[in-house]
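Feature annotations, courtesy of TrEMBL:
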- 31-59: transmembrane segment (TRANSMEM)
- 71-88: transmembrane segment (TRANSMEM)
- 94-111: transmembrane segment (TRANSMEM)
- 118-138: transmembrane segment (TRANSMEM)
- 188-210: transmembrane segment (TRANSMEM)
- 231-247: transmembrane segment (TRANSMEM)
- 259-284: transmembrane segment (TRANSMEM)
- 296-314: transmembrane segment (TRANSMEM)
Amino acid sequence: MDNNISKLLSKEIEELMKNKFFFRTPNNMKILAYAVSYLMLILLGIFLNIEVITAFLSVFPLTYVLGARGLNYYIPLIISGGVILSLFASHNMIFWFGIHMIIAYIVYRTIYSRGSKLLLVAIVNTIIFLGIALYVFLSIKMGTITIDRTQILNFINSYVNSMVEMNQGVDKNMVLDSFSNLQKSFPVTLFIMLLAYSLVLVHYTLSMLAREFVIIPVFPKFSRIMVSSKSAYTYIVVTIITFFVEMEAGSNTYSFWNILFQNITGILSLAFILNGLFTAFFFVEQKSKSTIGKPILFLLMLIFSPIFELLGFIDSAFKLREGYIMMKRRR
């Protein structure tokens, strides 16, 4: 009896694994409904001018249709959406929906190839970040966006002067330095904001797909996420290059290469801070089953980020967690 049950379960698992996207064959009416809902979201975004929300929501139905019927439905659907957008929408809305059309395809390919949820978040974040950078660059080149340095400086000076007048104890140079740091660190700040957006977008889309019997990837435990040792060596090289670039730039802190390497260093620093947090999570899990330790560690990370950055760098360069596991097995 037990052998028959195990054979039956094995056959069912084999049948499920043959499917690349769905556990259960999707209904034709539901596929049509999601295709129509995708176009309705585009129209809703156009008429209510809420492209960020509607583009966010559109990834799920578009991915569902793509998974159910493949490129034969996906391509005509995005062409139809593209025609509607080109006739009635602004350039910003066309760009934003275009990015999310690509994201829907990436979500589909990740599920189809059994990729990880973490990899999906990283790819989505990178595509949005690079897409925005390219869009802004082309807009400046084409004259859609004009940057008048004199007007910007006048605005900053007037704002700083008003701040100093309102608060006599505020140092003007300190306020100007804060603006300077904000300008130089803006790409890192944007990257972090887009990372949060990508995480929410991927989680929402996969959660909705899971309700429709889609085989979704799972997010690994934070304590199992590791930054590769190559990143540690890259960080050392970039830090050295940044040092020499800053020396070469001198007083010109707004040089292109100076800002570029400062932001690369900032992004790598953030990666090591998070890696340090995940390393701390790992050792807490090894020593205790209590869940209270992780929120405390998160708060400590916000206060003592340099310590977590150092811990993350050591774990990345010397494989601290792997060494601990190997040592534990030998005992």
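Glycine is no exception: its Cβ is also placed from the backbone N, Cα and C atoms.
Values in this document were obtained by computation on a predicted structure and should not be read as measured data.
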(message) Short question: most Cβ pairs under 8 Å with the transmembrane segment (259-284), which of 71-88, 118-138, 188-210, 231-247, 296-314?
(response) 296-314
(message) Under 8 angstroms, Cβ to Cβ: which one of 31-59, 71-88, 188-210, 296-314 has the largest number of such pairs with the transmembrane segment (118-138)?
(response) 188-210
(message) Given a Cβ distance threshold of under 8 angstroms, which distant residues of the chain, six or more beyond its ends, lie next to the transmembrane segment (231-247)?
(response) 253, 255, 257-258, 261-262, 264-265, 268-269, 271-272, 313, 316-317
